[in-house]
Amino acid sequence: MDVRRLKIPKTIAIFSHIKRPLTCVIYTAASDQISETLHQTPSKQPKPSSESKQQKVFDLNLRKWVTSVLSNPHVDSLKIKDLLTHLTPQQFDAIFLEIHSSLKPLNALKFFHLASGSYGFSFSVQSYCTLLRLLVSSNHDDAARLLLIRLIDGKLPALFDCPQQKHVEVAVSLAELSRLSDFGVAVRTFDLLVHLCCTQLKNVGFDVALDVFRSLASRGLYPSLKTCNFLLSSLVKENELWKSYEVFGVLKDGVKPDVYLFSTAINAFCKGGRVDEAKELFRKMENLGVVPNVVTYNNLIHGLCRNGNLEDAFRLKEEMILNGVKPSIVTYSIIINCLMKLEKYDEADCVLKEMSNKGLVPNEVMYNTIINGHCSAGNIQKALKVRDEMLRKGILPNSVTCNSLIKGFCKVNQASHAEELLEEMLLHGLSVNPGSFNNVVLVLCTNSRFFSALRFTKEMILRSLKPNDGLLTTLIGGLCKEGKHSEAVELWHMLLMKGLTANTVTSNALIHGLCEAGKIQEAVRMLKAMLDSGVQIDSMTYNSLICAFCKDGNLDGAFMLREEMVKQGSAPDISTYNVLLHGLGEKGKIDEALLLWDECRSKGLVCDIYTYGALINGLCKADKLGKGRDLFHEMLRQGLVPNIIVYNTLIGAYCRNGNVTEALKLRDDMRSRGILPNVVTYSSLIHGMSNIGLMEDAMNLTDVMRTEGVPPDVVCYTALIGGYCKLGQMDKVRSILQEMSSHNINPNKITYTVIIDGYCQAGKVKVAKEFFAEMVQKGITPDSVTYNVLTKGFLKEGEVEEAFSLLDRISLTGVGLDEVAYTSLVNLLPRRSASANQE
């Protein structure tokens, strides 16, 4: 449909841009002589003279010459070159405009190509636009399109006033030429230009197309309605909504919009969230007598659903039916999709039934929408029922269906079903989205099925899909916990090889896992690999390694790592100092620990509960309990609340020193702060009381423990047994063992060793041997302490042969006796030899 020109603009002079006088060329065919004369444009109308008559002759001859060259079907390059040397772009423009309708379009096109390409002749924009009209009028649309592309791209030498606005100048020139006869040709050139801007120049945005549209519209000129629809829909498709609003605002006053233009505009308003304006436009459309079609209704229904206005959407659907417009599958799909998102599953089923009753068969998109909705809500059984219905209707589930079902299985933690479905998708070559991979890997990790999770993660990497960073961290951490450190390292390097390098957090999880397993050298190699591959190193990376070195007793290596950390630009933080302080404290290097403490504070680092705890632990181990208590009070003054570890450290130290009273005060203090004593607290107290013979108080503590919901463990009972053994009350030891048995607590190696020592001290070596045999029978391997106390027991009771027999047994285990027991046995060797000789 052609556009109506509703506004008649003022007349614009076609040659208004020509400023300088024209050069008149006289052509004589007989002599091929050329003479040039310049004439000034008179300020007043000149009187007729012989000179003006001659000028008309000159113009006529020039016109004939240009016409002759352009009309010749055979391109004569020499004649064209000769003509161009005596012709200006303005002269050609005037003549070409006058004679173009009588020329063959392809002849003219060849002339333009040769003149501009071989001789660099610059034609005016209007000349090119005239040629463009000539090609379009003769239905040479492809040639016209290519010419227009090259013109706007700057591939042709043309006289543009503003090279940055070539498209605008072309639009203006075409608008001026539209005043010639055959307005239909003008509209087709407008169509060509606008279409070109929307497609060929799309990469620079739609501003170019909008500039052209504005230039034409400002002159009351428009492309065809079909092209207007194309422009508007292109803007909406590319989400250039504000531009689409402007275009429609101009079009509705300049042309008579049809149903397609209204439908596109309604879609644009809905897409931009301006649903009220879309509704208003819908009513205006009806008032103008433009009947909405199914697309119009669908666009508005979609907008209403997206805006959450479900009731209006249903009303519009009913209105649509009353007006004789049948809802399509798209209509029902929009409504069902909205209902599924709002978790109105029963209503969605009703709409699906309504659709089926109207003879519409759901397609795979609709089924997938319903399945995905159920899966998102965790209703996997309903989703599977819909999948089965799909199959009954002969619609095969596709990758979208399977990806949704995988999400549903993972949501309800059905790891095996999710794994099987993913395997099936891979087997049949279906497209698996990264979300499905990540969901399956996550649910497998959650169920500690790290090996299966690793397999799918590798599949992702082979497809150049990077797993979620958090998921990678979980997987690598899980592999390390299961002892699969080599697999975790291999995964890290696989990511690196594929250019999907693991981030710092994931890499730190690997280093931490290696360190926890004591694989320190492998962790160091990983650190080097991180540095070489450009992975960002942070303090946590080094802290894990420093902690591992400290646990291994390699303090020199730990401090060397701290220096390396500084060189790499990662400043040691409070955690670094805490680990080093703890390492020094465990090694008994309390003076070095105090110096490091001072260094830490001098750097302005804020000491936390762990800093104080590490130093208090070191002081207690170094038997400097007083300084440890002073540091405890300083910590309180700093406003830090002690944790249970700090309390247990001090309570244990007081108990070892026999100061149970202070230990109990600390127990009461921790209670007052809302910190409940744990089994470590009570085992220290029981041990302290047992050491000083307060057995009744120690036994009472076990009752207190049970009251507080902290059942005594083997350590507590071993402490009680040790206390009774010191007092020689071996009958009490038996009752403690019975109590342990009633609570399903088995004696350990230390328990048996304490009992054996108790009976040996009481002179009951035979009973001690029985407990030793019981210990071995239960699979508990005696250590050097056990052998030492039993050996001394034998020697104390004069059972030399038993002692030497035990020594033979010890020699097979590789466990050594202490110096006292060994010396005693050596001294008895001569007596044993003499006895053997007598026999």
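Just so it is clear, glycine is given a Cβ too, placed from its N, Cα and C backbone atoms.
Nobody curates TrEMBL annotations by hand; they come from automatic prediction.
Remember, predicted model here, so these are calculated numbers, not experimental data.
The following features are taken from TrEMBL:
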{"type": "REPEAT", "residues": "293-327", "note": "repeat 'PPR'"}
{"type": "REPEAT", "residues": "328-362", "note": "repeat 'PPR'"}
{"type": "REPEAT", "residues": "363-397", "note": "repeat 'PPR'"}
{"type": "REPEAT", "residues": "468-502", "note": "repeat 'PPR'"}
{"type": "REPEAT", "residues": "503-537", "note": "repeat 'PPR'"}
{"type": "REPEAT", "residues": "538-572", "note": "repeat 'PPR'"}
{"type": "REPEAT", "residues": "573-607", "note": "repeat 'PPR'"}
{"type": "REPEAT", "residues": "608-642", "note": "repeat 'PPR'"}
{"type": "REPEAT", "residues": "643-677", "note": "repeat 'PPR'"}
{"type": "REPEAT", "residues": "678-712", "note": "repeat 'PPR'"}
{"type": "REPEAT", "residues": "713-747", "note": "repeat 'PPR'"}
{"type": "REPEAT", "residues": "748-782", "note": "repeat 'PPR'"}
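Tertiary proximity for the repeat 'PPR' (363-397) is limited to same-chain residues at least six positions away from its ends with a CB under 8 Å from its CB atoms, namely 329, 332-333, 336-337, 339-341, 343, 345, 348, 352, 404-405, 407-409, 411-412, 414. Note on the repeat 'PPR' (748-782): its mean pLDDT in the predicted model is 88.
Listed as Cβ neighbours of the repeat 'PPR' (503-537) (distance under 8 Å, sequence separation of 6 or more from its ends, same chain) are residues 469, 472-473, 476-477, 479-481, 483, 485, 488-489, 492-493, 496, 544-545, 547-549, 552, 568, 570.
Long-range contacts of the repeat 'PPR' (573-607) within the same chain: residues 539-540, 542-543, 546-547, 549-551, 553, 555, 558-559, 562, 565, 614-615, 617-619, 621-622, 624, 638, each at least 6 residues beyond the stretch ends and with a Cβ under 8 Å from a Cβ of the stretch. When Cβ-Cβ distances below 8 Å are used as the criterion, the repeat 'PPR' (293-327) is approached by residues 259-260, 262-263, 266-267, 269-271, 273, 275, 278-279, 282, 285, 334-335, 337-339, 342, 355, 358, 360 of the same chain, each at least six residues removed from its ends. With helix defined as DSSP H, G or I and strand as E or B, the repeat 'PPR' (503-537) counts 27 helix, 0 strand, 8 coil. Summarised by DSSP class, the composition of the repeat 'PPR' (608-642) is 26 helix, 0 strand, 9 coil.
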